[in-house]
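Quick look at what TrEMBL annotates:
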| type | residues | note |
| --- | --- | --- |
| COMPBIAS | 742-760 | compositional bias 'Polar residues' |
| DOMAIN | 25-161 | domain 'Bulb-type lectin' |
| DOMAIN | 164-287 | domain 'Bulb-type lectin' |
| DOMAIN | 336-418 | domain 'Apple' |
| DOMAIN | 479-760 | domain 'Protein kinase' |
| REGION | 741-760 | region 'Disordered' |
| TRANSMEM | 447-470 | transmembrane segment |
Amino acid sequence: MKTEMNLLLQALFLSLSLCLLPFVASEIQLGSKLVVGEENASWVSKNGDFALGFFTPPGLPNRFSIGIRFNSQSIPSDQRKVVWVAGAGVSVSDNASYFELTSDGDLVLFDSSLGVPVWTSKTNRFSVHSVFSSVSSALLGDDGNLVLLDDKEEIVWESFDTPADTLLPNQKLKAFEMLRAASESSRSSYYSLHMVGSGRLELRWESNITFWSSTNQEAVKKRENLSAVLTPEGALLVSHQDITKPVWSVFGEDHNDTVKFRFLRLDRDGNLRMYSFQESSRTWRTVWQAVENQCRVFATCGSQVCSFNGSGDSQCTCPYNAFASKCLTPYQKLSCKSGFSMVTFENMELYGIYPANDTVVSPVSSLRCKKMCLEDDACTAVTYKNDVEKTQCVMKLTRYVSGYYDASLSSVSYVKTCLDPRAVDPSKGEVVGSVTKKSHSVCLSCLLGVTSTTFVLFLAFQVCVIVYVYKRKKKEAVKRAERVRNPNPKGVVVFSVDEIKEMTNDFEDNIGPKMFKGVMSENELVLVKEIEGALTEERKFRSSAAKIGTMHHKNLAKLEGYCCERGKRFLVYEYAKNGSLLDHHAKNLTWRRRNDVCLSVAKALFYLHSECREFVSHGSLSLGNILIGEEFEAKLTEYGFGSCAADKDVEDFGKMVLALVTGGYEEEWVYREWIEGRGETVVDRSLEGGFDVEELERVLRISFWCVQVDERLRPSMGEVVKVLEGTLSVDPPPPPFVCARSSATNSSESGQSLYESVRE
């Protein structure tokens, strides 16, 4: 009863505080500016507890982000945590870069080395995208909320509505919003916390693997207008806006204790934690975490195995060091020529992460489990789980595997390894010399003279070679250091045209349309793609490249660098062994792989449209800018440089899918064959009938919805993903190649819509 009363009082206090929003802070005038490198450059709240200024992100020396941090004198300087970052991780270089509240009412983070703004609040009243009233000033509140106010002192924009990885007390995480863990050096985090529409919190890895949630029946019943909030007393609640009783709640260990500073953060290791500042020790203490066992956080060790050391701290180790050069499962089908065996790891669970598509068989014996992997060419490792209730055989089909080791686990894992002979260690070899006796007499002085001359010439040659190699390596080292000193945001390297030519050996190895194989320093293979320079203005191109550096998704090709000079535009991506989809769709891809490509590209577009901090379009999706990796996984390129609406990407996706499935038949003919009941005739003949009829029907239906001339009828990419996954069914589409605006209007009047055509 006491707990319920406390919750009631907290909820009433929270509702009142959120409604009244008392701001006690120093006013920030239009035109105010913070410049990198200026001493004591910050905007401070009136009570001094929070400050906004530049800081150096961990792992990114000589880079600067702008953010809000704790600033109280009671907190040691090294304990003043950052609680909000503009652009959720965007950074700038150069001491002339700045953060400004412009005279037009826009917050702008400007990178002087690029000559472009890399983040704005989009509150400029003159912007065509702005829906805001005129901004007259800004305030950093005593609660850590940065707000923009109009002449009536009403809130136009607030940092509490754009969280990064942290929630402060009274800050809400609303439905369909998320936190993303801070970046690791130049890579965006895989981990995110989502407030989903059904009223629950979900911790996810790569947006599609949920490894923790706050699901409960009460939340499902009251799913409208639910949001998560951290209370000043140390409780995390999921609550309806109009009720005082939360539908879900957890409490920190020091709940209701007198604690001045608290925050909730999604940490880099993927766990969600609540922190309280301890006045006695002057340190932050974890008072609650979502996943108690850190090794149960999905892929917390990447492709290594998580375990606990003697101190009880989690650690990451690689169990394959004895027979692999890097921490990937050692078996590769094409390189394993002399058969293979299984290496046993007791008390260990393994699971695939790229992709996370383990095959589960139950019930089964340990011997049968191991044999199944040996007999499957695609299997790299297998885990046998001998639980009390049932036995399971979990088969891994990828070399990217993570895991958990603990002596208490009953699981046994078997890792497939090749039996190919290994090279002999040179240090153990012996060199045996032999002497051949000859009867011919030899002029000893002549032999000595010739030998001496030869030795001197050889020594001189060696010295010349050493000097040449030294100078060349020094030159390359200078170039590498220069690139390290001058990366754009998130570590994307800026190359010159000459460096691109050197990297590609003057564009010698063409592996696709305007696509070349290249080699960076340390012999790292890359893919260099030339794009039309006239289509992209230089400032916009550089700004887009800066934004792309903050994006990460397994189906987006990682941008290593770019070149923008002399009217040329080059993008340098991670290397894809199998080139572009344009080279493979008619010969090497099975139906299963084509279907997987469609789903992968759909997920990548959904990420760009809905899961980035702001909407990002592709603008020019085609078979030519989809790469195929070593495991035939699809990776999207040239994303982020377009400026179209979402429905244009949806249309291009539909056309791409039709081309991939049919091998390039004319779209209207494909629709006519399908609508007349001859859908199987449109499939690419190279498949020779090897396709799934049900999947074909699903793919064709959603494709025809995507290419509707009336863009109002096109689905969102989120709906497309669900249809391709088989979790949504979809009605037959109308003829897509004629304008259907009048009929669409009539349909909507009669109650029919796309959202009824796509249903669970």
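The backbone N, Cα and C atoms fix where each Cβ goes, and this holds for glycine too.
Secondary structure of the domain 'Bulb-type lectin' (25-161) per DSSP (helix as H, G, I; strand as E, B; remaining residues coil): 9 helix, 55 strand, 73 coil.
Each residue in the domain 'Apple' (336-418) has a pLDDT score, and their mean in this model is 89.
DSSP places the residues of the domain 'Bulb-type lectin' (164-287) in helix, strand and coil in these numbers: 5 helix, 57 strand, 62 coil.
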